[in-house]
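Right, one structure below, let's go through it.
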Amino acid sequence: MLFHLFYPLASNLKILNIFKYLTFRTIYAMITALIVCFVLGPWIIRKLEGLQARQVIRTDGPESHLEKQGTPTMGGLIILTAIILPTLLWADLTNVYIWLTLFIIVGYGLIGFMDDYLKVVKKNTKGLSARQKMFWQVLLAGGVAVFLYVTPGFNEMLYVPFFKNFHPDLGIFFIPFVTLVIVGASNAVNLTDGLDGLAIGPVAINAATYMLFAYVAGHATLSAYLQIPRVVGAGELAVICGAMVGAGLGFLWFNSYPAEVFMGDVGSLSLGGTLGVIAVLTKQEILLVIVGGIFVIEALSVIFQVGSYKYRGKRIFRMAPIHHHFELKGVAEPKIIVRFWIITIILALVAISTLKMR
C-alpha cells in the first residue's frame, strides 16, 4: 500500500525512491510487525481471557503442564495480524506470489481458528476432526499447486541443495509434491507447538533464512552468481518473511516461558503452511527439511511412535512429540526450548552454507 502510494511520487520527491528498495521495505515490515504485536498483543490477550479461550491441558502429559491450565490460547491471531498488516503496507501488491502466500496464511489460519474456537470457546473437546482439517488443508494447498502448475514461466523442476546440476522435472507430480510440502510443513509446526516458545522461535529463524533465499532468488545477478534458481518476483517474498520474523519476535515477548498466551492451531497451522508455500515459491523445498529440521524431527517422532505401537505394541519414546519425551526424562522445559532453538540456528547456518556449496 505504501509502496504504491509513495513510489510513484519519487519523480517529484527524491527521498521517496527509498520505497523501491526491497531491503528497506523488508526491514520496516519487520519493525511494523513488532509494533503491531506490542500494541495489539495485550489487548488481544485480554479479549481471549474474556472469551474464556483457555488452553485445555492433557492430563496424561507431564505434570508440570497442569500449571498452564487457564492460559489463554488462540494467540496466533496476534501473529497473523502482525504479518498481514505489514505485508499489505510494505509489499508490492501487484506481485502474485504475495497474494498466494496471503491466501495460505488466511486460509490455514481460518482452519486453525475454527478448530480452536470449537474446542476452547464452544467447549467441543474434539474441535474439527482430523479428516476435516486434512481435507481443507489439502484443498487449499492443492489449489496453489494447480495454479502454479498452469502458470506460464513457473517451472516444475526440483532443485536439490549441494547439487547444482541435479534438478529433475516433476511434471504433473509437481502438484502432489507442492501439496505435500505445504500440508506437511503446516502439521509439523503444529506438532512442535507444545512448549512455551518452542515453535515460534524456530519459525522466526526459518523465516529469516527464507528471507535471504527469497531476496537472492529474485535478484538476477546474485542468483546467477550463487547458481540458485532465478524466480522473477520471488524477492518480494522477503517482505513477508521480514514480517514473519518481526511477528515471531513480538509474539515471543508474550509466549516465552512462562507463557502468557499460546498461539493455538490458528497460529501453528498457518505459520507452517506459510513456510511451506514460501519454500515452494522460492524453489527451495528441500531446504525446508534442513532449516526446518526440528519440525521434521517432531513430526517423525509422532509417526514412528504411532507406527511402533500399532505394529509392535511398543512405544519408542516415553511420549510423543519428542519434546515431551525429554520432559518426562526430567529435562527442564526452558532447557529443551533453548536447545531446540540452538539446533535450529545451526541448521539455518547449514542451509545458508548451501548458497556456496554447489
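The backbone N, Cα and C atoms fix where each Cβ goes, glycine too.
Annotated features, as they stand in Swiss-Prot:
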TRANSMEM  26-46  transmembrane segment
TRANSMEM  71-91  transmembrane segment
TRANSMEM  93-113  transmembrane segment
TRANSMEM  134-154  transmembrane segment
TRANSMEM  170-190  transmembrane segment
TRANSMEM  197-217  transmembrane segment
TRANSMEM  234-254  transmembrane segment
TRANSMEM  261-281  transmembrane segment
TRANSMEM  286-306  transmembrane segment
TRANSMEM  335-355  transmembrane segment
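By the count of Cβ pairs under 8 Å, the stretch nearest in packing to the transmembrane segment (261-281) among 26-46, 71-91, 197-217, 234-254 is 71-91. In this chain, the transmembrane segment (234-254) lies in contact with the transmembrane segment (26-46); the count of Cβ pairs under 8 Å, excluding pairs fewer than 6 apart in sequence, is at least 3. The stretches the transmembrane segment (286-306) and the transmembrane segment (197-217) are in mutual contact, each linked to the other by at least three Cβ pairs under 8 Å (pairs 6 or more apart in sequence). Within the chain, the transmembrane segment (71-91) has long-range Cβ neighbours (under 8 A, six or more residues past its boundaries) at 1-3, 25-26, 28-30, 32-34, 36-37, 40-41, 44-45, 48-49, 53-55, 98, 102, 105-106, 109, 112-113, 116-117, 120, 200, 236, 239-240, 242-244, 246-248, 250-251, 254-255, 259-268, 270-271, 274. Long-range neighbours of the transmembrane segment (170-190) within the same chain, counting only residues 6 or more positions beyond its ends whose Cβ lies under 8 Å from a Cβ of the stretch, are 104, 108, 134, 137-138, 140-142, 144-146, 148-149, 156-158, 199, 203, 265, 268-273, 275-277, 279-280, 285, 288, 292, 295-296, 298-299.
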